[in-house]
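Just below is one structure, and these are the notes that go with it.
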Amino acid sequence: MDGVTVRASGTPRDLLGRVLDGRYRLTGLIARGGMSAVFRAIDTRLDRDVAVKVMNPHYSADPAFVARFEREARLAARLRHPGVVAVYDQGQDGDGARAVAYLVMELVHGGTLRALLAERGRLSVGETVAVLEPLLQGLGAAHAAGLVHRDVKPENVLLDTGDPTRAQPHPVEVKLADFGLVRAVTGGTQSGTVTGNVILGTVAYLSPEQVETGAADARSDVYSVGILAFEMLTGAPPFVGDSPMSVAYQHVHSDVPRVSEVRPDLLAAGLPPELDDLLYAATSRDPRDRPTDAGEFLASLVELRRDAGLWLPPVPVPSADPVDRPAPAARAAATRRVDRPVAPPTDDDATGADPAPHLDPQPDPGATTLHTRVQPRADQPAVPDTAAEPRPDVLGRSGSPQVRLRRWLVAVVVVLLVAAAAAAGGWWLGGRWAAVPVTVGLTQHDAEDRIRDAGLVPVVHTAVDDAPAGTVTGVHPAAGERQLRGSPVELDVSAGPPVPVPAVTGKSAEDAQNALVAAGFAPAPTVQRFTATAEAGTVLGTEPARGVDRPRGSTVALVVATSVTVPAVTGADLDDARDRLLAAGLRVEFGEPEFDADVAGGAVVRSVPAAGTRLDPGVPGDLLVTLVPSSAVTVPDLTDGTVAEARNRVTALGLQLRASKTIGWGSVDQSGVDSQSPAPGTRLAPGSTVSVSAWW
């Protein structure tokens, strides 16, 4: 393998049996590469199988890398979705030469999409869509959470068959792994870019903007998924070359062909033209022509699949499970680091006669991490040094002057190519980088302007600090560190010292809210609280309570009294009183009538609870009011008729009649009523007696 060096850092097998952080016992090697190794392990605290990614000691010994690694692990751990390999824990174990940084993940059985493609070559249209839909679901969840993967490739797509020891069959699940790993390795820059003289990210799947500017967003992941789909359908990625630089160049300067152009037979085999169009759009060189994120990509894919009536078969899996049958040279979920020289183009290069270095049984079409150096290939003649080599006086066996001239021309071409490559490398390795400017102590506005002027993107985090509000107190990465243009720079901005919550009890809600805003707080939804002692709408206090120190700009909620007051309905008509109570949000029932000489019969004597009582609107049982009607009977005028007529009238009203005759003779009932007691209009209790006197 002339010109190719595989860098190894120690022997991963030496770690077998080691217990990391007193908890994770490494029991088997699943995969390894130049940057990391993946082990099967037992979480001795929870007694469960996990996967542990252990980084190369070269990285574990770098404090800056460890800090970035921890930050990226925390971001990835926030993502919870069945389509994403779960991150359980991260840490660093040991010190000195034994120090290792590690990441604890969900253990996935089944293998990778790379292993499946190595076995099958390519997938059917249905199988491809069956893989794409769950893959886009997981990636879409990441995009919705503001995360970008930056290195979507077959090695990071895991096909989960479930724990083989379980009796119940497990439907194959597609999971995406390694969120944030490349970002951590590159020092916070976007993946798929150049750091030093290293291309990070699998060049076969890099988006043009990652190659050109180093920037990556959700549309960059969409491009990578489109390339991955292209490979699943055709059996190879669209761009190949004898160096990563040549592949990256094609991503920037060449359009990805349609799948139907490479495999026209697929249209007859069931490839919907709409799917062909969608993948063509996803792999557009212009990010604006792609779906905006994985969610939009998925929605379009599901819609066209349904419209086309495309049947989805079960997701296929490779025949060997690397978890159960570890393969030390496997590359699933591990990143390889290779030094490979880039030679000037030759006839052998064009025909592919130069053998590729044999790294493992299934060579990766786009090596993940490569050093690129411009130097002659081992099988090419060195450039002649005409200044040092004396010109021969006679022709030797080398041939005629034309032969020597041709050799001289070849040497000149090689020199020019080397110079051109060096110039391009100068731009590639230098012009794309920017130093993080000094911003601590500046105002947020000035700091953001300074970062943008440097070609970087400011990201602001606000926190309580003794520094004046709006002042930058920290920057990550630190000032002076070199970052790819377009990379984010995190600013810690002071929200100012905390301020106490003001006293607003007893104020109206409007006045209290104005007082909170004046103190520097933001409005929050009002908290309604029942009290029987304060009028509804009165401010009872705040949450948090008055006097508590809170960051300026944080939210403070008002606690406002709420209640339903029983209206006064005494003396009102019964129907009218009921309508008024219902309008107040109360429920009504009628009690037994009571006599009250001051209230006409049928009107309301009183309510239970009494008028003015405050009830809790949050307790439906407390909102029942009983109306007590008056049983009073009003005595009519009886002097305009006979005693018999008077008796009939008072009896009908529930009263009794007592009659007496003072003058005359004959029947009392037929005598006319001369006087009555009590007088007409008097209110009596039911059953009371009315007396009348008759004459003649």
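Cβ atoms here come from the backbone N, Cα and C positions, even for glycine.
Among the features that TrEMBL reports, domain 'Protein kinase' is placed at 24-302. Residues or ranges marked as region 'Disordered' by TrEMBL: 316-400, 668-696. For 408-429, the entry in TrEMBL reads transmembrane segment. Among the features that TrEMBL reports, domain 'PASTA' is placed at 430-495, 496-562, 563-627, 629-696. Under the heading compositional bias 'Polar residues', TrEMBL lists 668-679.
In terms of DSSP secondary structure, the region 'Disordered' (668-696) contains 0 helix, 15 strand, 14 coil.
Helix, strand and coil content of the domain 'PASTA' (496-562), in residues and according to DSSP, is 10 helix, 25 strand, 32 coil. Below 8 angstroms of C-beta separation, residues 595, 597-598, 600-601, 631-644, 646-647, 650, 654-662 of the same chain, each at least six residues beyond the ends of the region 'Disordered' (668-696), sit close to that stretch.
The helix, strand and coil residue counts that DSSP assigns across the domain 'PASTA' (563-627) are 14 helix, 20 strand, 31 coil. On the 0 to 100 pLDDT scale, the domain 'PASTA' (430-495) averages 84 in this prediction.
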